[in-house]
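Right, one structure below, let's go through it.
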Amino acid sequence: MKVLAFAVSMLFHPLLLPLYVLFITFNTGTVFTYIPAYTQNMSYLLTLLGVTLIPLLCLPLLKWLGLIEGYRLVQKQDRVFPVLVTIVGAFIVFYFSRNLPYSNIVRQFYLIMVIMLSGFMIVTIRWKISMHMTAIGALCGFVFILGMKYLGDVINLLPLLILVSGLVASARLYLKQHTPAQVYVGYIYGAVAVVAIMY
């Protein structure tokens, strides 16, 4: 059971979910399905580099500098600088995507990441909330707005994503990484923040 919970946590890791957001945006029958392949491919590449790989590769440096105790980021103070690195990465991607054709929705997504992660970092200074649940909540909020504003088949994914959210929450609780309150607050914050910004 522990292996399954760990696998779920890895599959829906916060650093991977931005790539899932792009895949859903480009492949669910909304107007964004027709965004040129070049823009789609560059969006994947920029996201992989700026939001996934840069934060991961910076972890050894942060540990060497004594800014984090370990790679699992168990303590709330361990999360501040990795989140800050992710914010910087998202902003860099936002900046470099400005010349991509028909990339407004992608750039909006990056800007949402910067705003939402900034709020998350401020909260994390005082209280630990679930990064996994914040990310999956943001994904649910993004899909909801995408379906409401741009139609397509994307809204049909929402029930499945809610079930996935429950699975991720159960995994985090089973692994004793968070209290129920930290899980619920993370999910609500992620979903509400995205809906409030995009609506």
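Using the three backbone atoms N, Cα and C, a Cβ is placed for every residue, glycine included.
Residues 43-44, 47-48, 51-52, 55-56, 86, 101-103, 105-106, 109, 113, 131-132, 134-136, 138-139, 142-143, 146, 150-154, 157, 164, 168 of the same chain lie 6+ residues outside the transmembrane segment (12-37) yet bring a C-beta within less than 8 angstroms of a C-beta in it. Residues or ranges marked as transmembrane segment in TrEMBL: 12-37 (among others).
The transmembrane segment feature in TrEMBL is assigned to 43-68 (among others).
The feature transmembrane segment is assigned by TrEMBL to 80-97 (among others). Long-range contacts of the transmembrane segment (80-97) within its own chain (CB-CB distance under 8 A, at least 6 residues past either end) are made by residues 15, 42-43, 46-47, 49-51, 54-55, 58-59, 62, 67-68, 73, 103, 106-107, 110-111, 113-114, 117-118, 120-121, 124-125, 131.
Feature annotation from TrEMBL assigns transmembrane segment to 109-127 (among others).
Positions annotated as transmembrane segment by TrEMBL: 182-198 (among others). Long-range contacts of the transmembrane segment (182-198) within the same chain, counting only residues at least 6 positions beyond its ends with a Cβ under 8 Å from a Cβ of the stretch, are 108, 112, 115-116, 119-120, 123, 127-142, 144-145, 149, 165, 169, 172-173.
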